[in-house]
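A.B. asks: Quick one: the structure is below, and I'll ask about it shortly.
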Amino acid sequence: MSTILKSLPKGENVGIAFSGGLDTSAALLWMKQKGARVFAYTANLGQPDEADYDEIPRKAMEFGAEKARLVDCRSQLVHEGIAAIQSGAFHVSTGGVAYFNTTPLGRAVTGTMLVSAMKEDGVNIWGDGSTYKGNDIERFYRYGLLTNPDLRIYKPWLDQQFIDELGGRAEMSAFMTAHGFAYKMSSEKAYSTDSNLLGATHEAKDLEHLDSGIRIVNPIMGVPFWRDDCAVAAETVSVRFAEGQPVALNGKTFTDPVALFLEANAIGGRHGLGMSDQIENRIIEAKSRGIYEAPAMALLHIAYERLVTGIHNEDTIEQYRISGMRLGRLLYQGRWFDSQALMLRETAQRWVARAITGEVTLELRRGNDYSILNTQSPNLTYAPERLSMEKVEDAPFTPGDRIGQLTMRNLDITDTRAKLDLYAKSGLLSAGEGSHIPKLESDKG
């Protein structure tokens, strides 16, 4: 039996992820008038551009909802954000600047917590505002069914009758006004914004064109650091971790991770830290472009990775990065709670994060321009005396030890030279003159 309903299930309980915006307001009123019993669920994700969360359920009741609930998702969202930092679950980057998967993390929390709330109310049909071209339709589908295997999906934007009657924002506004709800459309921005406590995503409209960029964006979590009239003073910041958990900023200890994230957002936001422009591959293998903000995630990630490199050995760091890339892609695809993701995540949290205790001091300047000023940890394996260029007592190794180590390298050097000669004879490489190393055919000048 298909879990996706193509038309409105009249007379049944239908839950809708309700934002209070024009789209979901019109959808709720329309579904009510067409005979569904509509239940509205709003996720409090700490969106920086949301002024009054309590007003949203009240609006839903005015539009005809049988019940409207505000679900506080902030603690769970921060928990998942810290887990992503601990496991390096970020696979999209440009020039070394990462996208911190803030929207996928938000969908993982929203998709599970709202459907769980619906299930408590006996609601087993769920609708939301995601479109068929995007990632969210699949993310919500997966998380919804993982949470409630009896769930069925109804999306107004996949219902042809809804599209025919209310196919655009002008039609939705007229529909609301005609039924006594004066709904003035907000002025159209040059792009669309979606946000939560971890970060903001700006995309679509003018930002679909690569000749439009960050300069048309008005940040909601930071400052437009690229503008000459935007004053940004350098600031020294310290971040302390205890067994992989961020616990203090500038010497102030936080027992509430949400409060710590809010402060980290304020600190990083003053500089525009964590803003990036990315071209990424959507789940359906088509490319899209987004401009992102994530000041707290960026600040904590920088400090965390500094401690990782000072504490763990090269092989552990390599595995952390490889696994993090894979985990980031799984998170992006809506598979954050799949077994393969849990395996990668738990491994990093157990064997990498548990050792991360210490404090990193940085100087933040404009955008992603920063310097690391100090790194302290009782677990550092960085020991400068081991490699000091000065004479030290009780040196860990001697010139004679290094001669022996280099002599052992003759084994693989001899084997490598034999392989290069073999490749030259087979035509893969051009033979070098004298003792010159053979070259690839494409390297011959």
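Easy rule for this one: first residue shown is 1, then count along the chain.
Note that Cβ sites are derived from N, Cα and C of the backbone, with glycine treated the same way.
Owing to the predicted nature of the structure, the values given are computational and were not obtained by experimental measurement.
Found this in Swiss-Prot, in case it helps:
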type    : residues                                                                                             : note
BINDING : Ala17, Phe18, Ser19, Gly20, Gly21, Leu22, Asp23, Thr24, Ser25, Ala43, Gly129, Thr131, Asp136, Asp194 : ATP binding site
BINDING : Tyr99, Asn135, Arg139, Ser192, Thr201, Glu203, Glu280                                                : L-citrulline binding site
BINDING : Thr131, Asn135, Asp136                                                                               : L-aspartate binding site
A.B. asks: Using DSSP, would you call Glu203 (L-citrulline binding site) helix, strand or coil?
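C.D. replies: DSSP assigns Glu203 (L-citrulline binding site) to strand.
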A.B. asks: Compute the C-alpha separation of Asn135 (L-citrulline binding site) from Gly129 (ATP binding site), stating it in Å without decimals.
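C.D. replies: Per the Cα atoms, Asn135 (L-citrulline binding site) and Gly129 (ATP binding site) stand 12 Å apart.
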A.B. asks: Give the three-state DSSP assignment (helix, strand or coil) for Tyr99 (L-citrulline binding site).
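C.D. replies: Looking at the DSSP assignment, Tyr99 (L-citrulline binding site) belongs to neither helix nor strand, so coil.
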A.B. asks: Measuring Cα to Cα, how many Å separate Glu203 (L-citrulline binding site) from Asp136 (ATP binding site)?
C.D. replies: 14
A.B. asks: Cα of Thr201 (L-citrulline binding site) to Cα of Asp136 (ATP binding site): how many Å, rounded?
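C.D. replies: With the alpha carbons as reference points, the distance is 13 Å.
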A.B. asks: What is the Cβ neighbour count of Ser25 (ATP binding site) at a 10 Å cut-off, with all protein chains included?
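C.D. replies: Total other Cβ atoms inside 10 Å, all chains included: 24.
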A.B. asks: Could you tell me which of these binding-site residues, Ser19, Thr131, Asn135, Ser192, has the fewest other Cβ atoms within 10 Å of its Cβ?
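C.D. replies: Least crowded of the binding-site residues Ser19, Thr131, Asn135, Ser192, by Cβ count within 10 Å, is Thr131.
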A.B. asks: How long is the line from the C-alpha of Tyr99 (L-citrulline binding site) to the C-alpha of Thr131 (L-aspartate binding site), rounded to the nearest angstrom?
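C.D. replies: With distance taken Cα to Cα, Thr131 (L-aspartate binding site) is 22 Å from Tyr99 (L-citrulline binding site).
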A.B. asks: What whole-number value in Å do you get for the largest C-alpha pair distance within Tyr99, Asn135, Arg139, Ser192, Thr201, Glu203, Glu280, the residues recorded as binding L-citrulline?
C.D. replies: 19
A.B. asks: Greatest CA-CA distance (Å) over the residues Ala17, Phe18, Ser19, Gly20, Gly21, Leu22, Asp23, Thr24, Ser25, Ala43, Gly129, Thr131, Asp136, Asp194 that the record ties to ATP?
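C.D. replies: The two farthest binding residues have Cα atoms 19 Å apart.
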A.B. asks: Look up Ser25 (ATP binding site) in the DSSP assignment and report helix, strand or coil.
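C.D. replies: Where Ser25 (ATP binding site) sits, the three-state DSSP reduction gives helix.
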A.B. asks: Minimum Cβ neighbour count within 10 Å among the binding-site residues Gly21, Gly129: which residue?
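C.D. replies: Per-residue Cβ counts within 10 Å for the binding-site residues Gly21, Gly129 bottom out at Gly21.
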A.B. asks: Quick check on the binding-site residues Ala17, Asp136, Arg139, Thr201, Glu280: which one has the highest count of other Cβ atoms within 10 Å of its Cβ?
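C.D. replies: Selected residue: Arg139.
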A.B. asks: Which state, by DSSP, holds Ala17 (ATP binding site): helix, strand or coil?
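C.D. replies: Ala17 (ATP binding site) sits in a strand per DSSP.
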A.B. asks: Measuring Cα to Cα, tell me the gap between Arg139 (L-citrulline binding site) and Gly129 (ATP binding site) in whole angstrom.
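C.D. replies: Answer for this pair: 12 Å between alpha carbons.
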